[in-house]
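Participant: Submitted below is the structure of interest, expressed as structure tokens.
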């Protein structure tokens, strides 16, 4: 009970969103006889709101990969692009160094995103997530709008584009720690991999929507490819401000429901897994929080970066995500341009074809989450998918341009195998590590752990497109070799955890037989 009271003091319970208050009053006045499960309603609304939010975040990241094809065009091409007087594209991207400038533009966003992500996780644990997400979405929308409006205002300064991209990268870091923490607070551990797998499809859906919107406007007026998504995410940010609820306690839902169940499940899993290795690895049962001071655990203080790194598995999964996200984001930023350069398709059709990769990613995330739930072996699931991804990437580079059917088939499989591990690590694995038994039930570690894992992965996401821009001038084949090597390295970082899961599986099998 003391824990509940201390939690209650850490929130402003008078700060319930006005949209929620209005709906509650209307329900009481119009349908007083209606009886609903309040917890279920808020869980569903949180699921949908966070899904919408991160779909919008990714929707605003995608246009730059589509618009690259018109910012710089082949001057010798007979195709007329709009009526611009710049035959080679839009300055400053109309020169021979366009690929390098695009790489700088991608890096400005991704490195600022990666650097700010570590700080964002700490901030998310200490502020209202409603304000945190709403403000981040609105600022992201403004940045996207300002990038597009450069064409309207005839801005040709590279410094302007780099600055806007860097600001957008910082604003976008509000997304992942915020939405994962909300989902972690509202949903229990049962079938988490499947729930997160379905929920994580917002990444691919956002990429698809961003691509389709940008592709629709790219040859009409590429400024609208940025401005329309910017307006959409800003409006959705206002919706988040009106309706998102930070935690079950704020609306009178019993925290002993999902929160306690979450802690009990973590404890039960720890008992099964750790009993036999307690003697040889006592550090994995040592609480991150000081056991000698009970007030620390009851107050639920956010943990430090150093403490979070001591959670078993955080370092391995962070390094794996570094290389997994490197591969995924290289496709995110360069796939439409690669398709156009390796085929006879124009900018719009190349962008439309690239969404097939994200369609495969949707199914990959769901299947990876389901397998992880059924087996309890998340590291092994990631390793198998990464192992299969390497030859598929090689096949796509060799035969992807043979026909449209072959390209679609290989892109679906590549998206399935590349995005499956990436999705599983950033959602279910992050949530599980953020509520590890060594934290002694401290629920406020989730955003910090999530920020560490995704922040490390985001550094890889920044390195990948930058290297692709530098290597592409020598040939796309070398870019694919880089991706395959990165995929193999991601797999190798999970070897120790795979061995641990294998031994755990053998112990549990032996116990059932006996």
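Using the three backbone atoms N, Cα and C, a Cβ is placed for every residue, glycine included.
As listed in TrEMBL for this protein:
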- 41-60: transmembrane segment (TRANSMEM)
- 49-502: domain 'Major facilitator superfamily (MFS) profile' (DOMAIN)
- 100-124: transmembrane segment (TRANSMEM)
- 131-148: transmembrane segment (TRANSMEM)
- 160-182: transmembrane segment (TRANSMEM)
- 194-218: transmembrane segment (TRANSMEM)
- 224-245: transmembrane segment (TRANSMEM)
- 264-292: region 'Disordered' (REGION)
- 275-288: compositional bias 'Basic and acidic residues' (COMPBIAS)
- 314-335: transmembrane segment (TRANSMEM)
- 355-372: transmembrane segment (TRANSMEM)
- 379-396: transmembrane segment (TRANSMEM)
- 402-424: transmembrane segment (TRANSMEM)
- 445-467: transmembrane segment (TRANSMEM)
- 479-498: transmembrane segment (TRANSMEM)
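Burial and contacts for the listed features, if you can.
Facilitator: Sequence-remote contacts of a segment are chain residues at least 6 beyond its ends whose Cβ falls under 8 Å from one of its Cβ atoms, and for the transmembrane segment (41-60) they are 133, 137, 140-141, 143-144, 168, 172, 175-176, 178-179, 182-183, 186-187, 199, 202-203, 205-207, 209-210, 213, 226, 229-230, 232-233, 236-237, 239-240, 243-245, 248, 251, 253.
When pLDDT values are averaged over the domain 'Major facilitator superfamily (MFS) profile' (49-502), the model yields 79.
Panel annotation: around the transmembrane segment (131-148), residues 53, 56-57, 60, 63-64, 123-124, 161, 164-165, 167-168, 171-175, 178-179, 222-227, 229-238, 240-241, 244 of the same chain, lying at least six beyond its termini, place a Cβ under 8 Å from a Cβ of the stretch.
Same-chain residues lying 6+ beyond the ends of the transmembrane segment (160-182) with a Cβ under 8 Å from its Cβ atoms: 46, 50, 53-54, 57, 60-61, 64, 104-106, 108-114, 116-117, 119-121, 124-125, 129, 132-133, 135-137, 139-140, 143-144, 146-147, 150, 244, 246, 426-427, 430-431, 446-447, 450-451, 454.
When Cβ-Cβ distances below 8 Å are used as the criterion, the transmembrane segment (224-245) is approached by residues 16-20, 42, 45-46, 49-50, 52-53, 56-57, 59-60, 62-64, 66-67, 129-131, 133-138, 140-149, 182, 209-210, 213-218, 251 of the same chain, each at least six residues removed from its ends.
Nonlocal intrachain contacts for the transmembrane segment (379-396), taken as residues 6+ away from its ends with a CB within less than 8 angstroms of a stretch CB, comprise 313, 316-317, 320, 324, 327, 364, 368, 371-372, 407, 410-411, 413-414, 416-418, 420-421, 424-425, 480, 483-484, 487-488, 490-491, 494-495, 497-498, 500-502.
Counting residues 6+ beyond its ends, the transmembrane segment (402-424) has Cβ neighbours under 8 Å at 193, 196-197, 200, 203-204, 320-321, 324-325, 327-328, 331, 339, 343, 353-354, 356-361, 363-365, 367-369, 372, 378, 381-382, 385-386, 388-389, 392-393, 395-396, 457, 487, 490 in the same chain.
Sequence-distant contacts of the transmembrane segment (479-498), counting only residues of its own chain at least 6 positions beyond either end whose CB sits under 8 Å from a CB of the stretch, comprise 313, 316-317, 319-324, 326-327, 330, 334, 338, 377, 379-380, 382-383, 386-387, 389-390, 393-394, 396-397, 418, 421, 460, 464, 467-468, 471-472.
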Participant: So if I exclude everything within five residues of the ends of the transmembrane segment (355-372), which remaining residues of that chain have a CB under 8 angstroms from its CBs? That is, six or more out.
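Facilitator: Contacts of the transmembrane segment (355-372) (Cβ under 8 Å, skipping residues fewer than 6 from its ends): 192-198, 200-201, 203-205, 207-208, 211-212, 328, 331, 335, 378, 381-382, 385, 407-408, 411-421, 423-424, 427-428.
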Participant: Which residues of the same chain, at least 6 past either end of the transmembrane segment (314-335), have a Cβ under 8 Å from a Cβ in it?
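Facilitator: Non-local partners: 61-62, 64-65, 106, 110, 207, 308, 354, 357, 361, 379, 382, 386, 389, 393, 414-415, 418-419, 421-422, 425-426, 429-430, 433, 449, 452-454, 456-465, 467-469, 472, 479, 482-483, 486-487, 489-491, 493-494, 496-497.
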